[in-house]
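S.K.: Structure below; questions to follow.
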């Protein structure tokens, strides 16, 4: 039940983020829905396809399409209010990537992959939806632009495998790892920590 | 035989639409072929990959690659005449999305998906080729821009499941549903019906 | 061992080409890694997904992620020197597409596909990584712009099946076909041979 609530919150958060980007691009209602949909399930879809876990998850469960549809309808109806909830959005999104990272890791473990590949899958699950959203909207994916985003997923993912070495239950290891992803992302944004700039400012020409 | 002819017509129509867009972008002959190819088979490929119906359909049958190759050669040879056939192109394309929608639905039913997922698969089969074409040519996918396109597939797809409730043969249900997709698309274009504009005109700034 | 060395060289070459493009776009270190990664494994991933050979190859072997990581670290560290090695890069890249073409063909033969589909798979394996790199960096894929690139893979691929008709060992047929891909690409660049321009110069308006 706990996971189900977080999962739904993740879908909602990603859907709303998709709606916001799509409406900025003036897409039609159908386009807005599609962008919300791929933002929410894009990462998990890539993961399932790379693993061969087909039909992919959202074809087998109605909950995803229902939650996304309801969210899009509400987000479009209350689009003028959305700017007031951007902070909570950011929070939902952060919770979302935390959870999605661990979901992806779990799926990798289920098919016997080594830890580093599980972390790669988890990071993809968390981040690829946003990448697809940006590609469909014809922008360079925002995660490629120096912010600590995927990096939080990667660090949190590896922490999970370290924590598993301790005498601790898997459920708690999950919660701690999710918290690490969320914590890093929150701190990075709060203190404006970014990946090192590898381009020298002197490159002016 | 009937389906085979329509299928080939669909491939031809989608190939030509790909050639037209690719040549507008001044791609080389190989690029033109690739764009025509993905426009034709992109939707079905996504469908097969999401379902896990691999190897995907066009790897198993030669007819697709042959029809597309011949079409591209002809389309490039007679590129100056293409503007005169745009109306029939539009017609072929419309027939194509009608058929592809039902093909996708059928594949979803075969693996036991619920109706709404079958409709989603059908719509993807019909529309994703054009989306890929636009992404490869670096444009925001045209189906995201207020026209009734995917919407026609969705309505036609759901109609199919309603029709199946009637005491009617599956073949006829297919034909009726295909006609509904085609009819909606034709009427929408003829009467310039579009999805509602959710952006207020006053947003000028 | 021979194949392993060439394979690693191919990964290195494609990684460096990814790093170069990504750094031109001023992506962050994580973005640079991702672009290098998709350039290296994108083609093989598409091939495996279309065939249903999942989990895809790089999830099952650590060597790919390790080689790519090391390459990216070195390429970023010595980014100022990279311009001096562009010629060898071009050579590595060319060796890479030669090898990847034959790897793709082999995988197609393993699942019983006809020659033309095997060649299509081989060409994808060789070229799709670069296409994904360009799409993620928001450019029209360079292979669509008149150069002999995919064409070399296609000709080399078909040569392979012709050579197999001769009384010759499969290993040698592989080496000859790889050499043909490489040779065509080198000659095309040296003599500036391109695909025919199908757009008349008079189209000025």
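Glycine is treated like the rest: Cβ placed from N, Cα and C.
Checked TrEMBL, it gives:
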{"type": "DOMAIN", "residues": "B:5-79", "note": "domain 'Glycine transporter'"}
{"type": "DOMAIN", "residues": "B:91-163", "note": "domain 'Glycine transporter'"}
{"type": "TRANSMEM", "residues": "B:6-23", "note": "transmembrane segment"}
{"type": "TRANSMEM", "residues": "B:30-50", "note": "transmembrane segment"}
{"type": "TRANSMEM", "residues": "B:62-78", "note": "transmembrane segment"}
{"type": "TRANSMEM", "residues": "B:85-105", "note": "transmembrane segment"}
{"type": "TRANSMEM", "residues": "B:111-136", "note": "transmembrane segment"}
{"type": "TRANSMEM", "residues": "B:148-166", "note": "transmembrane segment"}
{"type": "TRANSMEM", "residues": "B:172-195", "note": "transmembrane segment"}
S.K.: Residues of the same chain, at least six outside the transmembrane segment (B:6-23), with any C-beta under 8 angstroms of its C-beta?
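M.R.: Sequence-remote neighbours of the transmembrane segment (B:6-23) are 31-32, 34-41, 63-64, 67-68, 71-72, 75-76, 79, 82, 89, 91-93, 95-96, 99-100, 103, 129-130, 133-134, 137.
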S.K.: Going through B:30-50, B:62-78, B:148-166, B:172-195 one by one, which has the most CB pairs that fall under 8 Å from the transmembrane segment (B:111-136)?
M.R.: B:30-50
S.K.: Going along the chain, which residues at least six beyond the ends of the transmembrane segment (B:148-166) come within the CB cut-off of under 8 Å?
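M.R.: Tertiary neighbours of the transmembrane segment (B:148-166) are 97-98, 101-102, 105, 115, 118-119, 122-123, 126-127, 142, 173-174, 176-178, 180-182, 184-185, 188-189, 193-195.
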S.K.: Run through the domain 'Glycine transporter' (B:5-79) and tell me, per DSSP, how many residues are helix, strand and coil.
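M.R.: The domain 'Glycine transporter' (B:5-79) comes out at 62 helix, 0 strand, 13 coil.
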S.K.: When DSSP states are grouped into helix, strand and coil, how many residues of the domain 'Glycine transporter' (B:91-163) land in each?
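M.R.: Once the DSSP states are binned, the domain 'Glycine transporter' (B:91-163) shows 59 helix, 1 strand, 13 coil.
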